[in-house]
């Protein structure tokens, strides 16, 4: 393997750090951060889907997968891995981290009890909450700044992101249809028109975050090219 430059070593260390941090958080969330059975009995949580009905957990898995892939690329330098790495970053890592993080903290600021009741502090430690809702955003922004990515054709990138978001909306509606309980309780407290508006807004913001990441990456690539002239 070719000798890595100091910058490449720093990037490798960052990818290792993100992989270990997110990996442990996902493991802890899966293994220990469990709501008691009484939550299902009281119809506070749908009894199906487990962790996989929550966007935070699914997004965390995607982020973990991305940084593990980026770390593998740092070590092996395979062209095929770079193409996959760049697609996952463009279509999922950046837009979903911003969607999950910014949406969560906005709703948290407006009405904490509707999105993250105080009782959850007994189950989800503060560090886990920030890992899944804050550090995913920080890591994605840092990654955008330190790694140059070749964004896919916009149509392909947005199609992948759109398919994921639509698939998730279908999934949480299946959960609601089968149980009568919304994955996120606040959805049951608003009129259906507002629910539709909320879902549309989230999807539009996801596409905006994709385009924002694409633009920032392009500017940084151009500056980097100019610095080497």
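Heads up, the Cβ atoms here are built off N, Cα and C, so glycines get one too.
The transmembrane segment annotation in TrEMBL covers 12-32 (among others).
Sequence annotations record features per position, and here TrEMBL assigns transmembrane segment to 52-75 (among others).
Feature annotation from TrEMBL assigns transmembrane segment to 87-107 (among others).
Taken from TrEMBL, the feature transmembrane segment applies to 127-146 (among others). With a cut-off of 8 Å between Cβ atoms, the residues of this chain six or more beyond the transmembrane segment (127-146) that come close are 10-11, 14, 18, 21-22, 25, 28-29, 33, 56-57, 59-60, 63, 67, 70, 89, 93-94, 97-98, 100-102, 104-105, 116, 213, 216-217, 220.
TrEMBL lists 158-178 (among others) with the feature transmembrane segment. Outside the transmembrane segment (158-178) by six or more residues, the chain places 46, 48-49, 53, 55, 58, 87, 91-92, 95-96, 184, 199, 202-203, 206-207, 210 with a CB less than 8 A from a CB of the stretch.
Here the transmembrane segment (190-212) has Cβ contacts under 8 Å with residues 90-91, 94-96, 98-99, 102-103, 157-158, 161-162, 165-166, 169 of the same chain, all six or more residues outside its ends. Among the features that TrEMBL reports, transmembrane segment is placed at 190-212 (among others).
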